[in-house]
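Peer 1: Quick paste from TrEMBL:
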- A:28-109: domain 'Manganese/iron superoxide dismutase N-terminal' (DOMAIN)
- A:His53, A:His101, A:Asp190, A:His194: Mn(2+) binding site (BINDING)
- A:121-222: domain 'Manganese/iron superoxide dismutase C-terminal' (DOMAIN)
Amino acid sequence: MALRALAARKSLAGSGFQRILGARGLQTFSLPDLPYDYGALEPAISAEIMQLHHQKHHQAYITNYNKALEQLDAAIAKGDASAVVKLQSAIKFNGGGHVNHSIFWNNLSPVKEGGGEPPHSSLGWAIDQSFGSFDALITKMNAEGAGLQGSGWVWLALDKELKKVVVETTANQDPLVTKGASLVPLLGIDVWEHAYYLQYKNVRPDYLKNIWKVINWKYASQVYEKESA
Amino acid sequence: MVILAVLAAATTPPPFAAPNSLTSALGPPWKGLTGSLGSPSSLQWLKKQRQCKRKAGTSSICAKFELKPPPYPLDALEPHMSKETLEYHWGKHHRGYVDNLNKQIEGTELDELSLEDIILATHNNGDLLPPFNNAAQIWNHDFFWESMKPGGGGRPSGELLELINRDFGSFERFIDDIRLAAATQFGSGWAWLAYKANRLDVENAVNPNPTDEDKRLVVVKSPNAVNPLIWDYSPLLTIDVWEHAYYLDVQNRRADYITFFLEKLVSWEAVSSRLEIAKARAVEREEEEERRKREEEEKSSDGEVAEIYVDNKSDDSEAE
Ligand SMILES: [Fe+2]
Ligand SMILES: [Fe+2]
């Protein structure tokens with residue numbers, strides 16, 4: 001545990017995924033630090049939401065992902081095929097939860113550090129090409145996010161095959177890759193109720209309207225430039 | 001729904017365990033639209049009943065579904081479920097589903113159907129049509145409010161307890177099962193206790209050989225708005241595990257919410273009443289199925305060669 005906590009202290013500049021050798025040589029994951037304080041996104045997102053979201057929700061996905069991976073390891077060692085198959089849903093859900101939230105934290109930034117500043121780089125141009133304008137993209141993602149039934153994510157993605165940016169949604173904690181192997185996530189917005197309920201209650205559209213004030217377009221642009229090169 | 005719509009406007013809510021309110025919450029027969037048992041005549045009857053029901057209100061509201069209040073004041077479940085949670089959950093979420101469904105079905109052919117038939121019609125074999133989520137969420141929330149009562153919890157009794165012991169081994173094992181279902185619904189959804197009668201696990205398949213073992217209690221979970229009506233089960237109890245059901249009270253701690261639901265809020269009286277109705281419904285449908293089979297046999301023996309008639313008569317095992 002101490003080892004994990006120590007190793008968890010690293011910046012998010014890297015992949016955000018921690019790989020630690022466990023007792024059985026199994027790779028496990030640990031909670032990445034946020035690149036800003038819990039209160040740094042106020043008033044768009046409250047400190048209370050950020051703290052619970054990071055320390056409780058994201059941590060729970062990681063804990064349960066590690067648990068499922070340990071069970072998978074044991075099932076494979078035993079050659080228990082049905083146990084392996086049975087673990088897939090827990091691995092997809094909790095592993096997806098870890099992957100998605102790791103991206104999400106990078107997608108946010110305090111206003112004083114450039115949060116909310118629209119992209120001017122090649123990503124800005126690609127958005128205009130695909131959606132007509134930056135505002136049109138926001139309108140589209142707000143509508144898709146508000147219309148998503150239950151829990152899930154709305155994404156801005158680079159489709160490496162089509163060589164254009166697209167909007168997608170995924171249910172629950174399905175990672176973007178489940179919608180297509182050529183999709184690279186640039187920006188993911190969490191529309192689970194836990195992402196906004198304490199502040200916005202049942203009014204998801206208000207959360208979506210306000211989150212644009214703290215979106216980190218620099219990060220999205222970096223990913224876009226790297227992946228489209 | 002007539003009764004409910006009228007009572008919804010009154011200050012005293014209907015007692016949750018009254019056979020009337022439960023019957024109307026559970027009936028009419030759910031398979032009316034798409035099921036094998038739904039004959040055109042029963043469809044007509046359903047439609048008529050709905051229109052009639054809607055006339056029970058004043059003329060301006062009779063064409064709409066009503067937001068039905070919980071059968072207790074909004075602060076009655078405190079300290080376990082706060083008044084604030086009920087104000088949002090019932091007053092905003094539930095109301096939103098009602099308002100949206102009314103808008104979606106206005107002027108469409110769905111406008112004449114009962115809530116249950118709208119659910120079945122718009123489920124569309126899993127390829128959901130837009131009104132499905134709103135219609136099913138209205139049904140689910142009505143059912144959820146009536147699954148609780150102030151001072152609830154404890155243990156079930158009578159036949160319900162007997163069936164729980166028979167089908168789960170013990171009450172404690174049942175609690176473990178439903179707790180697990182509620183905790184592992186990955187995302188928004190519902191956990192259910194349901195009565196499964198004469199049906200295979202395959203969706204909408206009629207069990208060719210109904211036995212007593214089919215008439216059993218099952219624990220199931222469902223995503224988002226989906227409910228067991230679409231599998232043709234009779235729901236007996238539900239726990240809402242959308243985050244909005246517990247986030248204001250216990251935030252991320254869904255397990256705590258499940259615990260206080262099961263220990264302090266669940267109304268076993270409501271579950272027992274629903275079990276009675278589910279059993280009666282199963283018997284009724286079995287008889288209807290029998291009648292249908294008999295009629296078919298008579299029809300075919302009328303118009304076809306005698307040897308089939310003889311075969312049918314001689315021995316069941318040779319009938320095929
Ligand atoms: Fe989240
Ligand atoms: Fe709900």
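Note that Cβ sites are derived from N, Cα and C of the backbone, with glycine treated the same way.
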Peer 1: Select from A:His101, A:Asp190, A:His194 the binding-site residues whose C-beta atom falls under 8 Å of at least one C-beta in chain B, and return them in sequence order or as 'none'.
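Peer 2: Listed in sequence order, the binding-site residues near chain B are A:His194.
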Peer 1: Return the residues near A:His194 (Mn(2+) binding site), defined as same-chain residues 6+ apart in sequence whose C-beta is under 8 angstroms from its C-beta, sorted by sequence, else 'none'.
Peer 2: A:Ile49, A:Leu52, A:His53, A:His57
Peer 1: So if I draw a 10 Å sphere around the Cβ of A:His53 (Mn(2+) binding site), how many other Cβ atoms end up inside it?
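Peer 2: If we count other Cβ atoms within 10 Å of A:His53 (Mn(2+) binding site), we arrive at 25.
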Peer 1: Sort out the sequence-distant neighbours of A:Asp190 (Mn(2+) binding site) for me: same chain, 6+ apart, CB within less than 8 Å of its CB, listed by position.
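Peer 2: Expected: A:His53, A:Asn100, A:His101, A:Phe104, A:Trp153.
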Peer 1: In the domain 'Manganese/iron superoxide dismutase N-terminal' (A:28-109), how many residues does DSSP assign to helix, to strand and to coil?
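Peer 2: So the domain 'Manganese/iron superoxide dismutase N-terminal' (A:28-109) is made up of 61 helix, 2 strand, 19 coil.
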Peer 1: For the domain 'Manganese/iron superoxide dismutase C-terminal' (A:121-222), what's the model's average pLDDT?
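Peer 2: The predicted confidence over the domain 'Manganese/iron superoxide dismutase C-terminal' (A:121-222), as a mean pLDDT, is 97.
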Peer 1: Tell me, by DSSP, whether A:His194 (Mn(2+) binding site) is helix, strand or coil?
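Peer 2: A:His194 (Mn(2+) binding site) sits in a helix per DSSP.
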Peer 1: Starting from the Cβ centroid of A:His53, A:His101, A:Asp190, A:His194, which together make up the recorded Mn(2+) site, report each further residue of the same chain whose Cβ lies within 8 Å of that point, ordered by sequence.
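Peer 2: For the Mn(2+) site, the extra neighbours are A:His54, A:His57, A:His58, A:Phe104, A:Trp192, A:Ala195.
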